[in-house]
Amino acid sequence: MINRQYFIWYIFIFNIINKIYFENIRYVKNYEVVIRKKKNIERGIGNDFAFIRRYYKSRLLSDVSYKNNSIKGKNRVDKEGDIKKYDNNDDNKMDNSYDYKNKSIKENETKIRKEQVISLDKRYNRNINEKEEIKKKIKDIQRKRLIIYFKQDNTILSSRNYKHIFMKVLSSCGHIEKLTFINFYLYEFPKSINNEDMLLKICLRLLESRRINVENDNQISHTVQMKSYNNNNNKWDNINSKNNCIYQIKDKIKDLPNVSPSASTFTSISTSPYTLKLRDRNKYANDKNHIFKINHSNKHKNNNNNNNNNDYHNNNKSNYHSHSSAKCQTQRLNKKMIGTNILDGYDIIQMEEGLNLSHNYELNDVNVCIIDTGIDENHIDLKDNIIEKKTFMKHSYKKYNIDGINNIESDNIDGINNIESDNIDGINNIESDNIDGINNIESDNIDGINNIESDNIDGINNIKSSDNIKSSDNIKSSDNINSSDNIKSSDNNNVHTMLRNKLYLKKKKECSNYNTSNDGHGHGTFIAGIIAGNSPKGKKGIKGISKKAKLIICKALNNNNAGYISDILECFNFCAKKKARIINASFASTTHYPSLFQALKELQDKDILVISSSGNCSSNSKCKQAFQECNLNIQKLYPAAYSADLNNIISVSNIIQQSNGNIVLSPDSCYSPNYVHLAAPGGNIISTFPNNKYAISSGTSFSASVITGLASLVLSINSNLTSQQVIELFKKSIVQTKSLENKVKWGGFINVYDLVRFTIDSLPKDKDE
């Protein structure tokens, strides 16, 4: 009964697949026959020789019968109609003719047999090559994710039923995860595959169908690298170092340094596109000349006319300090350390006036999804605004690397709690935090272990059994340690493991405060503070742009600030599922991924606004996470470049203010009049950091975060606006500048006061009154 059901299912599936999906693929319908023939070939060439012998034997018998019939006809009619008998000479001639013919048949038989052998060899080799090709295909896609989506058409092939049947057959060979809200499928083959399975070969044929798009999963990352200042060695350290530990992040905002643009206090912007500036804040704490006052004028046209270059600038020039190395600089209010810099007084986009105007109109909650490195969900300034949190890290490996110790998992620190007393006397119990009993390890033949420090265990990878180990406390000195005193190689491995794990425990203890949160990098937490920081500490905490923003956090990037396209697609699906109105996507790649474009198109159909950073660039070739080319017209970056074909993407560059008051593009910001819409402040912003810390940083990611917060602000005032209407309000509120005219599509930067005013005007009359 089971075989019959399987047979019926098999015929049904094959007919549908062959007739509907695989008109371009040969041999699928008769695949079973092809397999059977191949198996016959593999059994040996003898079977085919037997077939040849039978064939030519029948030919020979037919020839013999022809001869006999000819001999029987002794009489024949000549041309004149006379009857004449054949004599013996005629018989001899016929025999000779038959012998010649028989010899010719044998020669032809030998020739054909040789040709058949060659043909069989070719068929056999072709079969072997096909097997090797299938194995190679399987090896290439095994343990990898494939991104699948159906090509859009209006035929019956796009119906749910046929898609369901298609994916059901594929599911028999591997695991399928359906992303319902963006119409994608993530496909993975199992770790162990039977290469001889006919169904597997059919699945490979399925993946070659012209009805679907199949894309390999690829890695994508941010374009920035965070740094912190280390007071111990007076140099800049990468935050995402080998030990993934973050140092010199302040507990309180008042402990953060004031950033003054002088060559002696911080590095040029173009040197590091994404740098945390941690300096002594007391240097300018009492210097009132460093306080930049807000220009409250809304008449930008008058300001433009006062400038010979027709460029927008602030009139108060005396409050700036020139940056001697770059001839341009960012400014930071040095006295009030509240919130982001656009709230503190460095207010070139009139954020403070706009927020004051919007205060009584923000009535609607807005779901904002952040696809990034995660968030510190316990941060006091953020925890009340987080409504959803999800991690998609299918490719991440939980390893903890410390200077050559590569195989210690962060979730498993067992193995150093107990060392058997039979192997090493006097070292019965070793606690994880305290190793008593091995105070001094001396050796005559072990390099690098005279002094063992917790921060350096290089050089003790191998401890040989022939080495003599003397201990001043628990292992007595002797020339040869015999029996129970003898330390074997396995015991030495235990000692090595013990020392290695002790160092790991110390490093883990140092970093434990930073590993408790879901954001081990800090980038996602920093962005969340700009958008929706809502500190209960008042001026001592971070106040973000949109108080009504409800954060949906999706972690698609690991602690090294990198992730995979499939993880990002899962986050897109998660954001759509949770009904997000806005998605902040601060990542970029030089590679065009059709699946990423298709997913953004699905979000466009769902009226979801996507805010993307333009990307950071640097002329420094050593900066691996910054692009060498700043002009996106020359080197496209995605997803920013998709804005030319999609109308739900806003791409943002970073602006700074020169000492003369002019607003210009930051030298480390990517730009394009075709793919980047506008610019926003993103330099020296103070925001939240994991474990209730605060930090200062710069980059286009934070410019995009400012626009994300403003989009949330607009929707909190008028939730009935569509994404296109929000974009039109942004375009209407742009301050045109000559310096940005050929840098961004809209030719300027946003004015928040005008944006809020236009949004309030868009409200229905009854609500406005």
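Just so you know, glycine gets a Cβ as well, placed from its N, Cα and C.
As annotated by Swiss-Prot, N-linked glycosylation site applies to N68 (among others), with the evidence given as sequence analysis.
Feature annotation from Swiss-Prot assigns N-linked glycosylation site to N102 (among others).
Look at Swiss-Prot and you will find N108 (among others) tagged as N-linked glycosylation site. Taking the Cβ of N108 (N-linked glycosylation site) as centre and 10 Å as the limit, one finds 12 other Cβ atoms among all the protein chains shown. In three-state terms derived from DSSP, N108 (N-linked glycosylation site) belongs to a helical segment.
The compositional bias 'Basic residues' feature in Swiss-Prot is assigned to 293-302.
Sequence annotations record features per position, and here Swiss-Prot assigns region 'Disordered' to 293-329 (among others).
Among the features that Swiss-Prot reports, N-linked glycosylation site is placed at N295 (among others).
Positions annotated as compositional bias 'Low complexity' by Swiss-Prot: 303-325.
Taken from Swiss-Prot, the feature N-linked glycosylation site applies to N316 (among others), supported by sequence analysis.
The feature N-linked glycosylation site is assigned by Swiss-Prot to N356 (among others). DSSP assigns N356 (N-linked glycosylation site) to a helix in the three-state reduction.
According to Swiss-Prot, the feature active site, charge relay system maps to D372 (among others). Its own atom aside, the Cβ of D372 (active site, charge relay system) has 30 Cβ atoms within 10 angstroms in the protein chains shown. D372 (active site, charge relay system) falls within a strand when secondary structure is assigned with DSSP.
Swiss-Prot lists 468-493 (among others) with the feature region 'Disordered'.
Annotated N-linked glycosylation site per Swiss-Prot: N482 (among others), in sequence order.
Annotated N-linked glycosylation site per Swiss-Prot: N515 (among others), in sequence order.
For H523 (among others), the entry in Swiss-Prot reads active site, charge relay system, with the evidence type sequence analysis. Of all Cβ atoms in the protein chains displayed, 30 besides its own lie within 10 Å of the Cβ of H523 (active site, charge relay system). According to DSSP, H523 (active site, charge relay system) is assigned to a helical segment.
As annotated by Swiss-Prot, N-linked glycosylation site applies to N584 (among others), with the evidence given as sequence analysis. Look at N584 (N-linked glycosylation site): DSSP puts it in a strand. Cβ environment of N584 (N-linked glycosylation site): V368, C369, I370, I371, D372, I527, I531, I611, A704, S705, T708 lie under 8 Å away, each six or more residues apart in the same chain.
The feature N-linked glycosylation site is assigned by Swiss-Prot to N616 (among others), with sequence analysis given as support. DSSP assigns N616 (N-linked glycosylation site) to a strand segment in the three-state reduction.
Using Cα positions, the member of the recorded positions N108, N616, S701 nearest to N720 (N-linked glycosylation site) is identified as S701.
Comparing N616 (N-linked glycosylation site) with N108 (N-linked glycosylation site), their Cα atoms are 76 Å apart once rounded. Ranking the recorded positions N108, N356, H523 by the distance of their Cα atoms from the Cα of S701 (active site, charge relay system) places H523 first.
When Cβ atoms from all protein chains are considered, those within 10 Å of N616 (N-linked glycosylation site) total 30, not counting its own.
Residue pair N108 (N-linked glycosylation site) / N356 (N-linked glycosylation site) shows a Cα separation of 101 Å. When secondary structure is read from DSSP and collapsed to three states, S701 (active site, charge relay system) falls in the helix class. Between the CA atoms of H523 (active site, charge relay system) and N356 (N-linked glycosylation site) there is a gap of 28 Å, rounded to the nearest whole number.
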